[in-house]
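K.L.:
Swiss-Prot feature annotations, pasted as is:
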{"type": "REGION", "residues": "1-82", "note": "region 'Disordered'"}
{"type": "COMPBIAS", "residues": "16-25", "note": "compositional bias 'Gly residues'"}
{"type": "COMPBIAS", "residues": "26-56", "note": "compositional bias 'Low complexity'"}
{"type": "REGION", "residues": "74-248", "note": "region 'RNA-binding'"}
{"type": "REGION", "residues": "610-663", "note": "region 'Disordered'"}
{"type": "COMPBIAS", "residues": "651-660", "note": "compositional bias 'Basic and acidic residues'"}
{"type": "REGION", "residues": "672-788", "note": "region 'Interaction with host EIF2AK2/PKR'"}
Amino acid sequence: MAQRNGMSPRPPPLGRGRGAGGPSGVGSSPPSSCVPMGATSTAGTGASAAPTATPGHGVHRVEPRGPPGAPPSSGNNSNFWHGPERLLLSQIPVERQALTELEYQAMGAVWRAAFLANSTGRAMRKWSQRDAGTLLPLGRPYGFYARVTPRSQMNGVGATDLRQLSPRDAWIVLVATVVHEVDPAADPTVGDKAGHPEGLCAQDGLYLALGAGFRVFVYDLANNTLILAARDADEWFRHGAGEVVRLYRCNRLGVGTPRATLLPQPALRQTLLRAEEATALGRELRRRWAGTTVALQTPGRRLQPMVLLGAWQELAQYEPFASAPHPASLLTAVRRHLNQRLCCGWLALGAVLPARWLGCAAGPATGTTSPPAASGTETEAAGGDAPCAMAGAVGSAVTIPPQPYGGAGGSAICVPNADAHAVVGADATAAAAAAAAAPTVMVGPTAMAGPAASGTVPRAMLVVVLDELGAVFGYCPLDGHVYPLAAELSHFLRAGVLGALALGRESAPAAEAARRLLPELDREQWERPRWDALHLHPRAALWAREPHGQLAFLLRPGRGEAEVLTLATKHPVICANVEDYLQDARRRADAQALGLDLATVVMEAGGQMIHKKTKKPKGKEDESVMKGKHSRYTRPTEPPLTPQASLGRALRRDDEDWKPSRVPGEDSWYDLDETFWVLGSNRKNDVYQRRWKKTVLRCGLEIDRPMPTVPKGCRPQTFTHEGIQLMGGATQEPLDTGLYAPSHVTSAFVPSVYMPPTVPYPDPAARLCRDMRRVTFSNVATHYHYNA
């Protein structure tokens, strides 16, 4: 560029120069095209040479799409739609929670300009105005993008201050509109624009916001809810927005954006998606589909079976209800708790089991095989509309064709390819042959048992409940709480139980949170940075405290992942928990690059170091171990998680041994509402008013609830036939012997006085005074409100 008036040439503005998202050669940061050639991907894709862009400022040649796994090429991020980065990021399977190293660097290269502009709120607003119209990928789920949009062009946002929903953030700026691809099979009105940026759907009312430290939020305008998608850039590049449940709601999503729960039987799909009311749906499920097993797809985790329930009492066949002292009384107490929480009629859809029960051979719990003709459900549907079997085991050789879903319910025939994506328009003959090779019908929990789980009882990780307003909730027997899962059944078939895996990440006004029964905020995630985000550590190197240095640190090639992936091919233990070992390798590599002592960082965060016993070093090959250069023999344990994060991890990993840390405290709120709501007899506004009144009366206290899974060292809870808890259950205190002496008087002068034990009163009015520890102002107000 020639000089003007003797002045030096002006550098290109941020995000407009050569390279994806910023000027090339700034600091030690590699350009967007400098993706390591030897990067290893768990998807099994190889790396190829990166194409080069045409030199020149603002002029870029459209590169042809490369094969899956090709490294991203250089080019402006506005050219992302025609670049190989889009093809690379569209190969992420639904089951995978984290991105590979190659996909991680592609995300960082595309989001480079936004990261470098993330210094102040004013700089972010200028960036959104300068790069308006640019498409940026959200990583997970694939097919979703952020279209950079100035706030003045966002319809309906107005002067909304997002800091009211997150007061601890210094600033939060809305920068983009969330859009997604539309499948022509699900929405025929799209036509030829299905593969064009103009054919993207922007009707969800979702906006992307960025905060200080590159905290990423998704703002739901319709519900006035702020959702925390990522706490820093490292988490955003690694996981994307895949944990945001709201993204999966739009009914214009097609078969491949993203893949949903597989329902091979069209009759069952029509029953679930086209039921006008919960009463008719419950009647149809009990009559025809009771005991049918569905392979439930949740983004970011493996398939897991969900057994459709015909009656509430069927839960007595699953743990933890089967091992309770009185399963019928416990189920009555849980049903009473659901009535109190939902404040309306509801329907139990099914029990979600761990993934190890998926695809087991049909037969009772002892491992024997029963003939399929013994099922009454199959006999009823012998006319050609039999209920579907399980959709297939993970890794099974049987190919099960996924079916279209959503509001439109198209008729495209799809088969899964090697990357677990749906290919629209496949051969109908092959799909019919795959459907004919499906497993036999499995009914009930006994049909789930096989040789791998012989002699055991399935454990219900979640009980899926549908209220009469159409919303889907999940009752968790692990901690006894009710969590919102989806806004409707079609949303549930796309998002699965993701709402219970990412708890405490939605911030909404009190009335909105009470209406949707949102859980409490996880303050650890909202107010504190991640302990392993070492690039934000205050004792990190000086070069890592400015944006260019941080980006170069995050996108540097080789963070210890190649060694772990090599060992995973030889050791089954590492292969089973490869994500944990990859995370440990990244932490060790990051600490070494930043000059931090990982053991000190872990202990400051509340964790500890586990020292493995190894042989004494002998010889030159072990000199590095003696000098402490390698820390493979000392693996740090993570600091203790919050109760919500711990529960989410247990549900994601099917940890059947997880137990809550404590029981509800003595000051917990005891709901005295005994109303039984008839299904289909309540109005929407009345239900919302009941939930809001109970939230006001509770005053933020913990809810006293049945605990099917009691903490360690506690006795199981006991209930009456009406579901009323008897005193003395699920407590960590020793048993009361009946001997009582005042503590301020010496026992030598005052003899022990025998006091009779507490007698439970079946009368609701007398039960109010059975234990003064539970009588608070909110309890009394609730009692008079519902019993006046």
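Easy rule for this one: first residue shown is 1, then count along the chain.
Just so you know, glycine gets a Cβ as well, placed from its N, Cα and C.
Bear in mind that the values here come from a model prediction, so they are computed numbers and not experimental data.
On this model, are these features tucked inside or out on the surface, and what's nearby?
P.N.:
Per DSSP, the compositional bias 'Basic and acidic residues' (651-660) is made up of 3 helix, 0 strand, 7 coil.
Over the region 'Interaction with host EIF2AK2/PKR' (672-788), the average per-residue pLDDT in this prediction is 66.
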K.L.:
By a Cβ-Cβ criterion of under 8 Å, what residues six or more beyond either terminus of the compositional bias 'Basic and acidic residues' (651-660) are in contact with it?
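P.N.:
Residues packing against the compositional bias 'Basic and acidic residues' (651-660) from afar: 97, 300-301, 304, 319, 354-356, 459, 461-462, 476, 478-479, 497, 500-501, 643, 707, 709-712.
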